[in-house]
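Enquirer: Grabbed the feature section from TrEMBL, which reads as follows:
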type	residues	note
ACT_SITE	200	active site, proton acceptor
BINDING	31, 32, 33, 34, 35, 36, 37, 57, 117, 140, 141, 142, 251	NAD(+) binding site
BINDING	104, 110, 142, 176	substrate binding site
DOMAIN	26-168	domain 'Lactate/malate dehydrogenase N-terminal'
DOMAIN	170-334	domain 'Lactate/malate dehydrogenase C-terminal'
């Protein structure tokens, strides 16, 4: 009958949006008015994967939300401001992205931000644990090497910790490695993929040039300079901005790229791989970034370090001590919280 074929068409259309529910994902950005938060929110508003965009910050959020709500894409935008609206901002969220925190100024290390950003992240993680404990949590707030252990320990306090759903976003390191390698080799950057493992600060950032696709080779001195540039690229931007901030636009791009990968995987897309800093058994560090196969429930499989060159093995050995220290610092912070 006619109605039967109509029903079948509707069913087919629905099937073509497999995981229809997540094509309407509710995504929260905590720190949405900041230098990273605003361009990140713009990129998320532009995505067909996002049905609802929940923006939170301590100031200016209603303005950012009003501005973005005029864009002709279907994501519905709501702005929340101040601590008393934080719970409402998080209700029912599928993905929470956290760029909140203070940016680096010239002469500051990521660690100098520790106390301020540690407190901010602990407060936000506490609210996530209470309001949307099942959400995928993507932490951008530095120092990521410590803010991921902080988030994990806070989630544990509430008995809702799922290591497959808590990610330190290190995507900017990959994006930079891809851009710099492409530049040196005259390649299309969109086709270059360099895995970056370890952590997200200085010498803990370990680009695996030997595993790059397409395959590239550099003489030892050039490889060493390229690695140092990738490790220090954040400082390159802080200096170039001369006191007016740190990497915000490239970070927003990288944060959006990672969030879209998470949403694609939640939607059932196969073969989605991104590097991120997560709870890990791959090295003697409790947390370590490696390529991850993402799935409907977060990390499907940790793809590990792969085959390292001798140069890369030395970089890993060099990073372990600093990483362990940063992890302990994060864990101790939560243990000593009032």
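Just so it is clear, glycine is given a Cβ too, placed from its N, Cα and C backbone atoms.
It should be emphasised that the depicted structure is a prediction, and the values quoted were computed from it without experimental measurement.
Context for these features, please: burial, neighbours, distances.
Expert: Under a cutoff of 8 A between CB atoms, and with a sequence separation of 6+ in the same chain, the neighbours of residue 200 (active site, proton acceptor) are 110, 142, 143, 144, 145, 168, 170, 173, 277, 289.
Within the same chain, the residues at least 6 positions away from residue 104 (substrate binding site) whose Cβ sits under 8 Å from its Cβ are 110, 112, 113, 142, 234, 238, 246, listed in sequence order.
The DSSP breakdown of the domain 'Lactate/malate dehydrogenase N-terminal' (26-168) into helical (H, G, I), extended (E, B) and coil residues amounts to 65 helix, 30 strand, 48 coil.
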Enquirer: Measuring Cα to Cα, how many angstrom lie between residue 251 (NAD(+) binding site) and residue 176 (substrate binding site)?
Expert: 10
Enquirer: Given that the record lists 104, 110, 142, 176 as binding substrate, what is the largest C-alpha to C-alpha distance among them, in Å?
Expert: 18
Enquirer: What whole-number distance in angstrom separates the two most remote CA atoms of the NAD(+)-binding residues 31, 32, 33, 34, 35, 36, 37, 57, 117, 140, 141, 142, 251?
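Expert: 18 Å is the greatest Cα spacing among the residues binding NAD(+).
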Enquirer: Mind looking up the mean pLDDT for the domain 'Lactate/malate dehydrogenase C-terminal' (170-334) in the predicted model?
Expert: 97
Enquirer: How big is the gap, in Å, between the Cα of residue 35 (NAD(+) binding site) and that of residue 176 (substrate binding site), rounded to a whole number?
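Expert: Between the Cα atoms of residue 35 (NAD(+) binding site) and residue 176 (substrate binding site), the distance comes to 19 Å.
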Enquirer: Let me make sure I understand the structure: which of the binding-site residues listed (31, 35, 37) has the fewest other Cβ atoms within 10 A of its Cβ?
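Expert: Result for the binding-site residues 31, 35, 37: minimum number of other Cβ atoms within 10 Å at 35.
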